Structures are given as structure tokens and as C-alpha cells.
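Features as listed in Swiss-Prot:
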type     : residues               : note
ACT_SITE : LYS175                 : active site, proton acceptor
ACT_SITE : HIS294                 : active site, proton acceptor
BINDING  : LYS201, ASP203, GLU204 : Mg(2+) binding site
MOD_RES  : PRO3                   : N-acetylproline
MOD_RES  : LYS14                  : N6,N6,N6-trimethyllysine
MOD_RES  : LYS201                 : N6-carboxylysine
SITE     : LYS334                 : site 'Transition state stabilizer'
Amino acid sequence: MSPQTETKASVGFKAGVKDYRLTYYTPEYQTKDTDILAAFRVTPQPGVPPEEAGAAVAAESSTGTWTTVWTDGLTSLDRYKGRCYDIEPLPGEESQFIAYVAYPLDLFEEGSVTNLFTSIVGNVFGFKALRALRLEDLRIPPAYSKTFQGPPHGIQVERDKLNKYGRPLLGCTIKPKLGLSAKNYGRAVYECLRGGLDFTKDDENVNSQPFMRWRDRFCFCAEAIYKAQAETGEIKGHYLNATAGTCEEMMKRAIFARELGVPIVMHDYLTGGFTANTSLAHYCRDNGLLLHIHRAMHAVIDRQRIHGMHFRVLAKALRMSGGDHIHAGTVVGKLEGEREVTLGFVDLLRDDFIEKDRSRGIYFTQDWVSMPGVLPVASGGIHVWHMPALTEIFGDDSVLQFGGGTLGHPWGNAPGAVANRVALEACVQARNEGRDLAREGNEVIREATKWSPELAAACEVWKEIKFEFDTIDRL
């Protein structure tokens with residue numbers, strides 16, 4: 001017998017394939033405060049027991065592979081392996097269950113959302129033993145979240161920078177999103193800001209196309225910002241989209257924005273990638289720029305109920321990677337979002353400590369230990385009649401963003417902005433007086449139309465516009 005064979009035998013190596021559950025299903029395991037916890041919705045192939053499927057998820061997203069390998073004897077699997085510690089049936093779903101998996105902290109690089117996702121969701125979703133797999137939630141322990149900078153500034157610092165308190169902020173996405181020249185684009189920005197909005201915005205796919213190169217757009221938008229500020233006495237901003245084909249180009253655009261003296265830039269964090277986003281967030285903190293985040297591509301990942309990843313996980317990842325705003329659905333507009341589920345991840349974005357609440361889809365108590373919060377952005381198919389509901393649902397710490405609901409005003413861009421600002425001020429005043437916006441919202445808007453012909457015209461245009469499709473984002 002060779003020395004190598006003797007060594008393998010001495011550590012108990014036995015080649016072959018064994019069930020995952022023998023190693024990775026540990027219902028007796030007591031989770032640690034430092035563990036990263038995951039809740040997976042698992043749909044196994046017919047004939048695969050839940051314990052085996054849950055253990056396979058834990059194995060393939062941590063230390064496991066399809067066969068026994070002799071190098072297992074060179075490390076401590078018990079220290080590094082993921083563990084499926086609980087299986088929870090789903091009422092009314094015979095073929096699905098929730099598998100809870102605990103991962104030891106040492107499996108993950110500090111301060112890297114990229115490494116976190118590569119480990120937990122990078123490979124296991126293509127596993128043949130599973131028909132479908134969805135990551136519903138993650139618990140990020142303080143020991144790990146403290147390795148991240150998080151948002152460049154956070155909610156309170158942003159309000160202090162803007163000197164705006166006691167109400168939601170108002171925004172507008174410039175439309176048409178593609179095709180305008182830089183000068184005409186800047187004109188629309190000026191008209192909206194002059195009319196009373198706090199922000200205007202590049203759409204997610206406005207980067208640097210032949211009809212409008214990024215440098216020209218940045219310059220004309222900066223001119224619009226300064227002109228509107230001088231005329232209104234308010235601090236204004238435009239989300240200048242720095243997203244680019246390379247990280248170097250992205251940083252060049254952010255640096256140019258800072259040199260122009262504008263307050264905020266923007267990034268598409270999913271298409272741009274977490275590594276690029278974290279780099280940009282660090283630059284923004286160091287240089288006093290706010291960072292608006294668009295979630296373009298999120299529905300490819302999060303819209304299916306049984307496969308992919310819920311947006312609450314993407315929201316937590318963004319808070320760690322860094323962003324001061326992120327789009328979060330509207331509940332009442334044209335884009336997906338069920339009320340309680342939406343408010344669940346809105347709280348995960350804004351609050352320091354969020355209790356477990358399965359009625360809102362929150363599987364774990366989350367303690368952010370003073371990491372700055374992120375402002376949720378409500379955007380997509382909303383107009384002045386939605387203002388009471390949006391004010392009541394999202395509260396003051398939010399951005400309400402009306403694209404077509406501003407630029408579609410029959411009198412033009414500036415009157416559209418005036419209508420939205422008047423509607424917002426009326427709703428905030430009514431709420432502060434103790435009125436119930438959920439019940440009296442339409443009456444509040446009608447009363448305000450007496451003092452604002454711009455609002456009256458907007459109410460007439462959009463009085464019958466509704467998006468009455470059922471949401472598929474349900475618990």
C-alpha cells in the first residue's frame with residue numbers, strides 16, 4: 001500500500017456519492033448571532049424528500065459538491081458548511097416548502113455584496129434536483145453589516161443638505177426617455193424644477209447615446225439646476241446617470257458631475273453590478289454627492305413567485321452596497337407592488353431595527369446597527385389623484401416621482417410640476433390637521449383645485465386613469 005493510500009485511509013476517506021441530508025440537514029442546530037440566515041422557497045423534483053432538497057441547497061451554496069472528495073479531510077467541514085436547520089411547509093402548496101439555511105460568517109468576504117451573492121445564489125439555482133428555487137429573505141448579522149459603508153449619506157444628511165423637512169420629496173423622470181437633444185432635455189429639466197419639483201431624473205437607459213452624449217447632458221442639466229435654484233430659492237437636483245460600460249468611464253462621469261457642483265448622481269445598480277455600485281457609493285460619500293439608485297432589471301430576478309429572488313433581498317443588498325434613494329414600487333401605479341409586502345421592504349430600507357413579521361414577508365428580525373437609511377422612490381404610472389394615497393402609504397421619508405404625471409399636463413411641463421407640488425402640499429397640510437387621507441383624499445385634492453388652475457387641469461386629464469391589474473407579488 002502506497003503512503004498516499006495509507007493517508008487517505010487514515011482520515012476515513014471513502015469515495016462515492018452520499019445523500020446531502022446526512023451532512024447538511026441539521027435540525028438540532030442552534031443558530032448563532034453571527035450566522036447569515038437565508039429563507040429559500042424550494043420546489044423539489046418529484047420524489048426528492050424535503051430534507052434532501054433543503055440539505056442540497058445548503059451544500060451547493062456553501063462547501064458541498066456532488067461527490068465525496070478526499071480534501072474534505074484537510075479542513076473542518078463542521079466549521080464551514082452551510083446547514084439546513086428547519087423545513088417549514090407552505091399552506092396550500094403541497095410541492096413547496098421554506099428551507100432555512102444558516103451560513104457561518106467566515107464563508108464571506110468582508111464588505112462584498114458580490115461575494116455574498118456569488119456564494120448564496122451564484123450556482124445552486126441551476127441544481128437539477130430542484131424544479132424551482134427562490135430566495136425569500138436574508139438575515140444579515142451586525143458582525144457582517146458593520147463591514148459595509150452602506151448609503152453614502154442617508155436620509156437625515158440628505159434632508160440637511162437640501163434643507164427640506166416635513167414632507168416627501170417630489171421628482172420627475174424626463175420624457176420621452178430617449179431621443180431628446182441635450183439642450184431640449186435641459187429645458188425640460190429647468191421647467192420642472194422651476195415649477196416646484198425638488199428633483200428631475202435621467203431614465204435608466206439614458207447613458208451616452210448618439211442623440212445626446214453624457215457630457216452635453218450634464219452641462220445643460222447643471223445650467224437648468226442653477227437657473228431654477230436662483231429663481232425659486234430652493235436647492236434643486238437632477239439625477240445624472242453615471243452608469244457606463246466600464247467602471248472607469250462611470251467614475252469619470254461621476255467626477256465630472258462633482259466638478260459641475262451638482263448635488264446628486266445616479267446608477268443602475270443591477271445592470272451596472274454590485275462591485276461598480278459599491279465603488280461609486282464610496283466615491284459619493286468622500287465627495288459629498290448623493291446617489292440615486294435605479295433597479296432596472298429587477299423584475300427579471302424577483303417577479304416570479306417560485307423562482308429567483310425577492311426584492312426585499314435586493315433592497316438589503318443595496319443598503320449594504322450603497323445608495324441614498326432606490327425605486328421601490330408604488331402600490332397604486334402601473335408597476336408591481338402589493339401594499340403590505342412593499343411596506344415590509346420599505347421599512348427594511350429606512351429603519352434601524354425591523355422585527356420579524358411574516359404577514360409582510362419579513363422572515364427574520366434585522367438589526368442594521370445605525371447604518372444610514374435609504375429613501376424609497378415611488379415611481380411608475382402615478383398622477384395627482386394618487387397623491388393622498390402615496391402620502392399616506394410612504395410617509396415623509398420618500399421620493400414621489402411623477403414622469404408622465406408631470407410632463408403630460410395639458411399646459412406644459414412647469415404647470416405639471418405646479419400641480420404636483422400643490423397636491424402634495426395640500427395632502428401634507430390635511431394630514432397634519434388630522435384628516436384621514438385614505439378616506440378623504442379625493443376631497444382634499446378637489447378643495448385644492450379651487451386655488452390652483454394647474455391642479456384643476458391635471459385632475460381633469462387623469463380623472464379616469466387606472467391600472468387595475470392584480471399584483472402577483474403575494475405571500
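Every residue gets a Cβ built from N, Cα and C, even glycine.
Swiss-Prot feature annotations superimposed on the structure.
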{"residue": "LYS175", "record": "active site, proton acceptor", "DSSP (3 states)": "coil"}
{"residue": "LYS201", "record": "Mg(2+) binding site", "DSSP (3 states)": "strand"}
{"residue": "HIS294", "record": "active site, proton acceptor", "DSSP (3 states)": "strand"}
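When the CA atoms are compared, the recorded positions lying within 10 A of LYS175 (active site, proton acceptor) are ASP203, out of the candidates ASP203, GLU204, HIS294.
Residues LYS201, ASP203, GLU204 make up the record's Mg(2+) site, and a Cβ search at 8 Å around their centroid adds THR173, ILE174, LYS177, ASP202, ASN205, VAL206, TYR239, ASN241, MET266, HIS294 from the same chain. In the shown protein chains, 20 other C-beta atoms lie within 10 A of the C-beta of GLU204 (Mg(2+) binding site). The recorded positions listed here are LYS175, LYS201; among them, LYS201 has the most other Cβ atoms within 10 Å of its own Cβ. The Cβ of HIS294 (active site, proton acceptor) lies under 8 Å from the Cβ of GLU204, ASN241, MET266, HIS267, ASP268, TYR269, ILE326, HIS327, each of these being in the same chain and 6 or more residues away along the sequence. Sequence-distant contacts (6 or more apart, same chain, Cβ under 8 Å) of ASP203 (Mg(2+) binding site) comprise THR173, ILE174, LYS175, LYS177, LEU178, ASN241, GLY403.
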